[in-house]
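> Pasting a structure here, questions to come.
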Amino acid sequence: MLSQLRDMIWSDWIWFPEGHGWADLKNHGGHVFPQTQDLWATIPIAFCFLIIRQIFERKVAIPLASLLGVSDKQRVCAPPNPTLESYFCSTSKHPTQSSIDSLSKQTGCSVRQVQRWFRRRRNQDRPSKLKKFQEASWRFTFYLLAFFAGLAVLVDVSTLSDSGLFPLLTSQYWYYMIELGFYISLLFSIASDVKRKDFKEQVVHHVATILLISFSWLVNYIRAGTLIMLVHDAADYLMESAKMFNYAGWRRTCNFIFTVFAAVFIVTRLVILPFWIIHTTWVYPLTLYRPFLGYYFFNGLMFVLQLLHIFWAGLIVRMVIKFLPGNDIVEDERSDKEETESEDEDDSRERREKSIINGHVLNGHTPLNSKHWKRD
């Protein structure tokens, strides 16, 4: 039963155009082609990346952060309070005004003290600048090396004759295995990495990328897959380097790199990818074959990535607009900002002003109705 189901899922007519099948990808004529079992190598590679990352962040990223002047502000910890801690962990990290009033009565603390406790408690859970820098420096190192490796593989592939099925080169094998292993390691570590506002989009991106790379390997779309990975790596290392200088407080350097990143991102993700690569994978096969399920599956994943690129391009444009006029440092739209005590005072003052307007408090008395001041 299971063997029949497997044979049905991997039928030639599902994944290949008419006249082609899995038999075409068997090694023959002295040429090597991608094999399904090759993908198992990406699992140990992913675990190796997780180990190497821990070593890199401790032995390389921390000294580099110290050299660039990355420092964290001293955070004031929230004092122990079982009632507030229970509410924070089980109910909400952002209590409503009515909940704050209720908690104030339960704990015997003033409203202001409850507000300050939650603000400090939220700050405790936020990742430090050093942790963000470690993560950014690790990704920067990989993306930079992967970009130049992709260029080398592209030159290697260009030496092949343009005929029929393309045999697998050694450089392509390692490029695919390392890239796929890295994205699998990101999926493994995403729970412990810095949480950003686009967390769900990041998960979708990682899953779609893993499926796309794996499928392009299985059906020998390795040329298209190489171009797709290269186009992505072209901008990613610039973004990570801008983050590194942002955390170090190097404003002008950060702004310059981010401007270059924005230009490269728009050209590669919103021009080259959709109008060259996706256009080729979507239009060219139809001139040779009738549509098949594998054709829709591959291009469907491409469109998912393209939608995510459009979403991120909107965030990038917003950040560029923010820092250009005032020449301020770039703030990552996806990151939560640390709350300060001054914000707590502003919130308290705003609530107090609203209560005055609504007639709740005015020196201990209900304010006069505004109608009493009107002239007949």
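Please read every residue number as a count from 1 along the shown chain.
Any Cβ shown, glycine's included, is placed from N, Cα and C.
Per TrEMBL, DNA-binding region is recorded for 86-129. Here TrEMBL flags 338-347 as compositional bias 'Acidic residues'. If you look up TrEMBL, you'll see 84-128 marked as domain 'Homeobox'. Residues or ranges marked as domain 'TLC' in TrEMBL: 131-325. Summarising the annotation, TrEMBL assigns region 'Disordered' to 332-376. Residues or ranges marked as transmembrane segment by TrEMBL: 140-161, 173-191, 254-277, 297-317.
Show me how these features fit into the structure around them.
Secondary structure of the DNA-binding region (86-129) per DSSP (helix as H, G, I; strand as E, B; remaining residues coil): 32 helix, 0 strand, 12 coil.
Model confidence over the domain 'TLC' (131-325) is summarised by a mean pLDDT of 89.
Long-range contacts of the transmembrane segment (140-161) within the same chain: residues 56, 60, 167, 169, 171-172, 175, 178-179, 182, 223, 226-227, 229-230, 233-234, 236-237, 240-241, 243-244, each at least 6 residues beyond the stretch ends and with a Cβ under 8 Å from a Cβ of the stretch.
Same-chain neighbours of the transmembrane segment (254-277): 224, 227-228, 231-232, 234-235, 238-239, 241-242, 245-246, 302, 305-306, 309-310, 312-313, 316-317, 319-320, 323, 327, 329-330, counting only residues six or more beyond its ends whose CB sits under 8 Å from a CB of the stretch.
Here the transmembrane segment (297-317) has Cβ contacts under 8 Å with residues 15, 198, 201, 204-205, 208-209, 211-212, 215-216, 219, 221, 228, 261-262, 265-266, 269-270, 273-274, 277-278, 281-282, 333-334 of the same chain, all six or more residues outside its ends.
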